[in-house]
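Q: Reproduced below are the annotations present in TrEMBL:
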REGION    1-78  region 'Disordered'
COMPBIAS  39-55  compositional bias 'Polar residues'
DOMAIN    137-315  domain 'Era-type G'
REGION    145-152  region 'G1'
REGION    171-175  region 'G2'
REGION    192-195  region 'G3'
REGION    264-267  region 'G4'
DOMAIN    346-421  domain 'KH type-2'
Amino acid sequence: MKALRALRTLSSKPRKTPLNPTFFHRFYAAQPQEDDSSHTPSLSDSENGSDSVFDSTHYDIPTISSDSKPKIPQKPTWNTKYRSKADELIAQKKKPDDLIFKNSSLAKKLLEAAVCLPSDDEDEEDEEEVVKEEDQKALSVGIIGAPNAGKSALTNYMVGTKVAAVSRKTNTTTHEVLGVMTKGDTQICFFDTPGITLSNRGCPYKDFKVRVESAWSSVNLYDVLIVIFDVHRHLTRPDARVIGLIKRMGAEAHPIQKRVLCMNKIDLVEKKKDLLTVAEQFKDLPGFERHFMISGLKGSGVKDLNQYLMDQAVKRSWEEDPFVMTEEVMKNISLEVVRERLLDHVHQEIPYGIEHRLMDWKELRDGSLRIEQHLITPKLSQRKILVGKKGCKIGRIGMEANEELRSIFKRDVHLILQVVTSYDPSQDGSAPYL
């Protein structure tokens with residue numbers, strides 16, 4: 001009996017586990033596969049890119065022209081006081097049955113009210129908007145200084161809108177950014193440059209070779225040069241490189257260019273008497289025509305600087321259209337806004353190694369904008385950090401950037417951010433991102 005049981009055991013075949021054809025299709029099929037409704041996302045899906053793309057159309061964002069917003073009742077086109085006077089005059093007439101006389105009187109009074117509605121000041125402003133080419137004045141202003149001195153914040157305040165990224169991190173600005181301010185017959189173009197420093201020997205640092213050379217090569221191209229530095233940091237932790245930069249730019253007067261020295265971030269200085277000490281330190285430099293104490297973030301003292309720049313404008317035609325924001329400027333603004341949010345949420349050296357590209361820019365029929373940008377990371381580990389758990393970090397960056405772009409452009413914006421990795425082909429044989 002025992003021999004019979006042993007014989008049955010040997011003759012019985014082992015059970016085979018049924019293979020899932022979907023498994024083989026998913027990993028070995030070359031053709032695209034339709035999504036399986038029963039499949040739940042896993043970590044492998046996140047690595048393959050399902051969470052590395054932010055698309056604002058996937059979120060319930062109210063459009064600017066949405067009907068869900070409460071409609072503001074339209075104001076009458078006539079002045080209320082003129083309407084009341086018209087009613088009083090009609091009521092005083094002894095012929096209430098004369099409809100022709102009543103209608104003509106009402107129409108006459110309403111016409112007078114409509115003609116007198118715009119004030120004289122508004123008419124003057126409308127006339128000032130159209131400036132003849134021979135009456136136009138222009139000025140180019142360059143802003144240079146050490147990293148994190150507040151150059152971008154001052155540029156944004158002068159222009160009145162965000163054109164450059166602002167962050168607490170150093171080297172936020174990586175290229176020259178243009179901001180335009182038009183007031184009356186004067187147009188001022190502000191050029192925000194990357195931060196530059198000097199070594200102890202007085203030569204530009206070679207660490208930021210491309211940025212520094214670009215900034216130094218354009219120093220003499222502006223009509224007015226603003227040298228800005230952080231006065232709060234100068235009082236607490238003075239830097240010999242910043243002092244050397246200030247003394248070098250103010251060593252001698254430029255024959256054509258006018259230079260001014262701006263002590264920025266005065267709102268952070270508790271004892272205002274210390275500002276006079278700093279002003280006394282640099283008062284003997286002949287290269288600076290004026291000294292200003294400002295706060296580019298809060299706007300303190302910027303009015304005096306603005307008036308000085310308006311007085312320095314020379315007669316020449318404007319270079320930028322004051323009424324229309326060009327597409328190139330809008331593209332740069334979209335990149336700067338996303339970069340600012342990237343620096344706010346991603347820390348250490350990761351944001352500086354990310355390559356930021358504008359891939360697509362399209363204006364749709366309904367007036368909205370479709371903007372697609374790619375964030376290219378050199379390492380897969382950095383890509384995972386930028387994407388976050390289930391795409392939470394890239395989603396937060398995209399939502400904040402999309403909301404700010406809507407407020408700047410005054411229209412609906414469909415922002416798409418995709419995080420990709422640029423692999424080194426020498427390591428694993430894969431093709432780099434192009």
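Quick reminder: no glycine exception, Cβ is built from N, Cα and C everywhere.
So that I understand the layout, could you describe where these features sit and how close they are to other parts?
A: Across the range of the region 'G3' (192-195), the DSSP-based residue counts are 0 helix, 1 strand, 3 coil.
Listed as Cβ neighbours of the region 'G4' (264-267) (distance under 8 Å, sequence separation of 6 or more from its ends, same chain) are residues 145, 149-150, 154, 228-233, 275, 293-298, 300-301.
The predicted model assigns the domain 'KH type-2' (346-421) a mean pLDDT of 89.
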